[in-house]
Amino acid sequence: MMRIALFLLTNLAVMLVFGLVLSLTGIQSSSVQGLMIMAGLFGFGGSFVSLLMSKWMALRSVGGEVIEQPRNETENWLLETVRRQSQQAGIAMPQVAIYHAPDINAFATGARRNASLVAVSTGLLQSMSRDEAEAVIAHEISHVANGDMVTMTLIQGIVNTFVIFISRLIAQAAAGFLGNRDGEGEGNGNPMIYFGVSMVLELVFGILASIITMWFSRHREFYADAGSAKLVGREKMIAALQRLKTSYEPQEAGNMMAFCINGKSKSFSELFMSHPPLDKRIEALRSGQYLK
């Protein structure tokens, strides 16, 4: 329910800003400039709101609990490991959280490198050795140090903008042509055709655009693996990835998969996977391709 409310509020805010910009500039909403402004606001608006609220939304979606004071030896080890690795990586100490899940997983999120969150599953803490767990944590610390959350938000915003702009531009042309041919719309096109065509095109272009964002996501995973290898050693990271082969299928929400150590393996095609296959990640570490 909260996500629906945030979605509606975000879209309402975008529409208000859109109307204000058009009012101040005198640009027509149906013009190319108007479409570009609308596409940019909608394309980046949702992405940046999600980024700014990412820590809160992530904790809420998995039921994670931030460790304020360690209650046992495991929590103390986890905090000290994150503190040591964040110092090595040159970033501020992230918040650390644990969430209950049987799968071996962890994720990092946050709007800034120095205001981030690292969360690990109970399955990881129970199933991995300390060396393997250190490697997974270092992978997430590397995501933060590399600024991957902001990078992926920018990429998603750009892709969203192009999808919306191109879809609406083609829909506007189609509505004008078909509406005027039928003698409807009084020169402005048929609104039913416009919305129908734009919805279909946004769906189709959105699927194609996801190939681009997923490629970037897989690319960042290789660099996060390499970052972990630099922090704790290549063999520890390889051992952690080999351990992931025995894990349950991840249960985290789809919007969190991009920054989990373990992505979903069941996909129509590798093109739509947020993570490379584990064997490819292991091979990349062994070859040192991303360690240069």
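Keep in mind that glycine also has a Cβ here, set from the backbone N, Cα and C atoms.
As annotated by Swiss-Prot, transmembrane segment applies to 4-24, 34-54, 158-178, 192-212. The feature Zn(2+) binding site is assigned by Swiss-Prot to His139, His143, Glu221. The active site feature in Swiss-Prot is assigned to Glu140.
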Separation of alpha carbons, Glu221 (Zn(2+) binding site) and the residue listed as 'active site' (Å): 10
Intrachain neighbours beyond the transmembrane segment (158-178), with Cβ under 8 angstroms and 6 or more residues off its ends: 30, 32, 35-36, 38-40, 42-44, 46-47, 185, 187-191, 193-198, 201-202, 205-206, 209, 212-213
Packing count at Glu221 (Zn(2+) binding site) (other Cβ atoms within 10 Å of its Cβ): 27
